[in-house]
Amino acid sequence: MKNFISFVVLVISFALLFYASYKSSQISNDKAVYKYSNNNLIVDYVNPSSNVYRAGMHIGDKILYVNEEKILNRHVLHNLVFDRTTPGDTLHYTIERDDSIVSFSAVAERRFSLPKLMLYLIFGLIYSIFTMFFFNSFAHTKTKIYLYLFFLCLSLLMSMFNVPFSHRILYSSMMVITTVLSFSILQFSHYYLYEFSVKWPLRILSSFVILSSLLWIASYFKWTYTLFESDYSHLMLYLRFSQISMALVAIYSIVSIFIKTLKMYVTKQPKEYFITSFVLLFILVLYPVLYGLPFALRKKELLPFSIFFYMFFLFLVFIVIYKKRLARVFL
């Protein structure tokens, strides 16, 4: 039965990874940098190799319309134009320059390169397969199930953290997955230290994770309907709360696993227990540092994220290699 369940989850994960990668590849951009000043969107930088540069965009241009959409702020531009325009389509700009109105057209470019998207899709698929093997390798325990959820969420996030910001279903799904990830590693750490654990830190942190995530998701949906700067500020504020909850969960997990690791060391457990514990410990150290930023920044996030997932992959390899011995330690 568990083989069938893990196979169904694997198929659903594959479908979600492919769909998220496809939608990410459909996000367009113009490679220009904008700033919001005096209720206007102003061009702050134009990439010399971009299509809009060749079409005649200059620094200091005030963006009025793009594809007949009135540009009130950068959120309208990115979420109502770029996220809904396929790379290769034509963007029609109407700008104000030196008190005169200028119009030009440029071909939309791809926001994320296909090689990088394909690389992370492949990683996500491989991690999903390893996660299925992990699920089928051990008997069911609470720690095993929560650790499985942790691995599953990481596999899905390989392709989901670049989904269109305005895609309510995909982006809110990504937010839910991050919440499940934090909650699962919190529960795993609690049950992992079954002989030391007390319940009040678990209850407080669980409540904080759920509350911050609900506020984050609610503010996101409000912002997608209004696209106001003030609502975006609230969204970023609640995102910070979610990041704080992630960091607190990581600290709790690090302390828990460190105590367990020292206990194994004192009782002279085999070295692979000790090594694997520190691999997981290192992952959790990276967790608050490298994990939260991509959801807000959405730029150059693939490189730091890759370090996190390489360590996650290494930990899975350790588990597969030493699965019989580690079953008594982690699960």
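Including glycine, each Cβ sits where the backbone N, Cα and C put it.
Pulled from TrEMBL:
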type: TRANSMEM; residues: 117-138; note: transmembrane segment
type: TRANSMEM; residues: 145-163; note: transmembrane segment
type: TRANSMEM; residues: 169-188; note: transmembrane segment
type: TRANSMEM; residues: 200-221; note: transmembrane segment
type: TRANSMEM; residues: 241-261; note: transmembrane segment
type: TRANSMEM; residues: 273-290; note: transmembrane segment
type: TRANSMEM; residues: 302-322; note: transmembrane segment
* By a Cβ-Cβ criterion of under 8 Å, what residues six or more beyond either terminus of the transmembrane segment (169-188) are in contact with it? -> 16, 19-20, 23, 142-143, 146-147, 149-150, 153-154, 156-157, 160-161, 163, 202, 205-206, 209-210, 213, 216-217, 220-221, 242, 245-246, 249-250, 252-253, 284, 287, 295
* Structure fact -> Same-chain residues at least 6 beyond the ends of the transmembrane segment (200-221) with a Cβ under 8 Å from one of its Cβ atoms are 168, 171-172, 175-176, 178-179, 182-183, 186-187, 190, 231, 234-235, 237-239, 241-242, 244-246, 248-249, 252
